[in-house]
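Feature annotations, courtesy of TrEMBL:
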DOMAIN    47-96  domain 'LRRCT'
REPEAT    129-171  repeat 'EAR'
REPEAT    175-217  repeat 'EAR'
REPEAT    221-268  repeat 'EAR'
REPEAT    270-313  repeat 'EAR'
REPEAT    315-358  repeat 'EAR'
REPEAT    360-402  repeat 'EAR'
REPEAT    406-451  repeat 'EAR'
Amino acid sequence: MQRILGAADGFSFSPSTRSLANNHLETLPRFLFRGLETLTHVDLRGNPFQCDCRVLWLLQWIPTVNASVGTGACAGPAALAHMQLHHLDPKTFKCRAIEVCKPGLSDEDPWGAPGLPDSLPSPLHPFPELSWFQTVGESALGVEAFSYQGEPHVVLAQPFAGRCLILTWDYSLQRFRQEEELSAPSVVSCKPLVLGPRLFVLAARLWGGSQLWARPGPDLRLAPLQALAPRRLLRPNDAELLWLDGQPCFVVADASKAGSTTLLCRDGPGFYPRQSLHAWHRDTDAEALELDGRPHLLLASASQRPVLFHWFGGRFERRTDIPEAEDVYATRHFQASGDVFLCLTRYIGDSMVMRWDGSMFRPLQQLPSRGAHVFQPLLIARDQLAILGSDFAFSQVFRLEPDRGLLEPLQELGPPALVAPRAFAHITMAGRRFLFAACFKGPTQIYQHHELDLSA
């Protein structure tokens, strides 16, 4: 059993010295030496310290004190056995983890093992736990978070239920509840847009035509506003919101040979076609991003490599394609340390991470991804994560390591295991962080996110 300071232990104290030597201590309470500015000598030798995140505070404190400190050596874990404490570098310790807990678990009862320096491949490396918070029964193809009237909301695209389902937080029950739904048979994407008191929801549908719904004010309900480009949008597969020249626009990726990916911009009360893009290429995904201070659009297609367009002269013009990126189903981007990264999803083969070099995206990393339809980056608290969903295996969570600029495995997502995940979204509600996972062949799962300081 772990041994810490106790009243019966034989310690030697004086106003300027503290001797805790040879007391079978594996760790020390944090802030043990707080307020002892007159210390000139501390003796910790002869103790079997476990050199994991519980001693990180001690390693950070030693260089700041005007006293000689006899630290002694590590007794464990095995990779650090017999190493002197003062030879350990605090910067190599990973002592923060992400955890999602079941209701009723407190932050004082964290799951997972203490962390070790990241250079040591040890089973004690801190892998977070992810556990269930709430389930939304019907399957979904998409999930989007948005804020309306100061309150966070989530909208789910539920094709089998034939609706866009809007959820909000129930402060009494402390869980998510249905606020409103709009009828949308065969829906593949529900894309919200908030303009002051008005709420718009674009419902992209495989059959029956895509529609725009609108809520004029907070006390009213959503109602159909207009049909969207019925001759161009024949088999939509994705929809994205972007702003061009100060105006909101939607781009809808169309996967049929007869249809075309279409840019719809606001004109008066509705949204109307501004430009047709990429006809005949059966686009599966659209991603809006900014490069070099200008709007760009990236289209993934079943027939060719992803193509990058840039906004020029009031329309999108082709800029380049992405080499070494065949059979890409979808793309998502994120920014970190001034760089723009791209996550490319491939159903067969390896999914990829690329980085913008100023003229094109260059390959940076490959990740095995058989059966993947989504590779989604998310910034949760201070962690840049990316979740690689799979139809045949557990979904994997990766975290960007800032020093290396690479995604490193963090954990498997679950339990419960996700069944054919298609989209992820992060929302902060009532000071708590949640992760939504929309699944095509199973219910949507909601997880609660906690950030743990394992050095405490």
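A Cβ is built for glycine as well, from the same backbone N, Cα and C atoms used for every other residue.
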Using a Cβ cut-off under 8 Å, which residues of the same chain at least 6 positions beyond either end of the repeat 'EAR' (270-313) come close to it?
200, 202, 212, 225-226, 228-229, 232, 237-244, 249-257, 260-264, 319-323, 325-326, 328-333, 340, 342, 344, 356, 358, 360-361
Within the repeat 'EAR' (175-217) only, compute the mean pLDDT.
96
How many helix, strand and coil residues does the repeat 'EAR' (315-358) contain under DSSP?
0 helix, 28 strand, 16 coil
Per DSSP, how many helix, strand and coil residues does the repeat 'EAR' (406-451) have?
0 helix, 32 strand, 14 coil
